[in-house]
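Each remark here refers to the structure printed beneath this line.
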Amino acid sequence: MKLSVLTLLAAISGVTAFQAVQPHRVGTLAKLTPLRISTGDDMSEQKSLDISKTVYSQTIKSPKDSYLAFAEKGASNAKMGKMKIFHQAVMGGAYVGFGGLLSFCIAGNIGGIAAQNPGIAKMAFASLFPVNLLLILTTGGQLFTGNSATVSAAKYEGLVTWRELWRSWGVSISGNIVGCTLFAIAAWYVGLLTGGTADLLTSTALNKCRSTFGQTLLKAIMCNWMVSLAVFLAGACNDLTGKLVGIWFPISTFVAIGLEHSVANMFIMPAALLLNVPLSIYDVLFKNVIPVVIGNAIAGAFVVAGSYSYQFGKLGKKSLQKFEKWLEAHEATIAARRAIIEAQDATSKAIRAMAVNGNNMPNKDMSKLF
């Protein structure tokens, strides 16, 4: 009986270990099936390139499906007519202006508390600014920063052409400039850029033009890394609450750190110039706008879109094929181990049955069971 108990414990522990490395299987005796692997061709839970035709079983998509939705969003944005892209980009720029103005109005007028505790003003600004991306993503607005990632992902997956990518980037950045500038002029005209709001705007614009080209470029890369992930996470969620959470954390992170967002700066810089900040057009363009646009594009196209295409899409297809072969061999090893466990289990059952029936088996016969 000691032998049978030990054999049974070994069998149970072996099956438990098997289940631990095979999370997609149900039951200890379920048929061995291979894990799902992204090859760049299968659509996992998605059944169509048209994301509207897929009904998801959970409130959040898998990482792979999130990337597919990300690329499809880029294809949808890029394939719009020029005026449609421009219109949504103007609206997107205006929404960035709304978020920026709200943040400057609150953070710039906290008063004495902020003077003693600068982190409070920074936290207030970072907490409020994400409202702009929530408005943009839930209304279909377009930002150059987001398109630099989503349309690049669509290009990696073969969903758009080079011409559509460059058109998307060019038209969206033009629309963002128009939307942000018009909103800045409107805010200045109605007298909203006064008091603490104006003071914070002025100091922010001056600080944005004090770094070197390399420093500004790197801050722009880190910024759009977070912004692109906010778009990624919002697309991964299937309900408004999830989208809000997915947007809020990455956006508030880059704002609180003090990174560089090209579209946000398209509101800040015109507003500051309207307030007669001692900056020239040359300062604005070459000390901020140009390096920030380049850095944002690098982050969107390579750091986010490129890396996740390698992980889930066509850029990493060769690596995934190698992984498939390795997994196939691994599955065969697991199957062999499982066969041993089942044989041991059968042996222990036979021993228990003989003990219950009161049969005595000679030693030479017992040896045949092992």
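Note that Cβ sites are derived from N, Cα and C of the backbone, with glycine treated the same way.
According to TrEMBL:
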- 1-17: signal peptide (SIGNAL)
- 89-111: transmembrane segment (TRANSMEM)
- 123-144: transmembrane segment (TRANSMEM)
- 173-195: transmembrane segment (TRANSMEM)
- 216-234: transmembrane segment (TRANSMEM)
- 240-259: transmembrane segment (TRANSMEM)
- 288-310: transmembrane segment (TRANSMEM)
Considering pairs 6 or more residues apart, do the transmembrane segment (240-259) and the transmembrane segment (216-234) have at least three CB pairs under 8 Å?
yes
Looking at the transmembrane segment (89-111) and the transmembrane segment (216-234), are there 3+ C-beta pairs under 8 A, with each pair at least 6 apart in sequence?
no
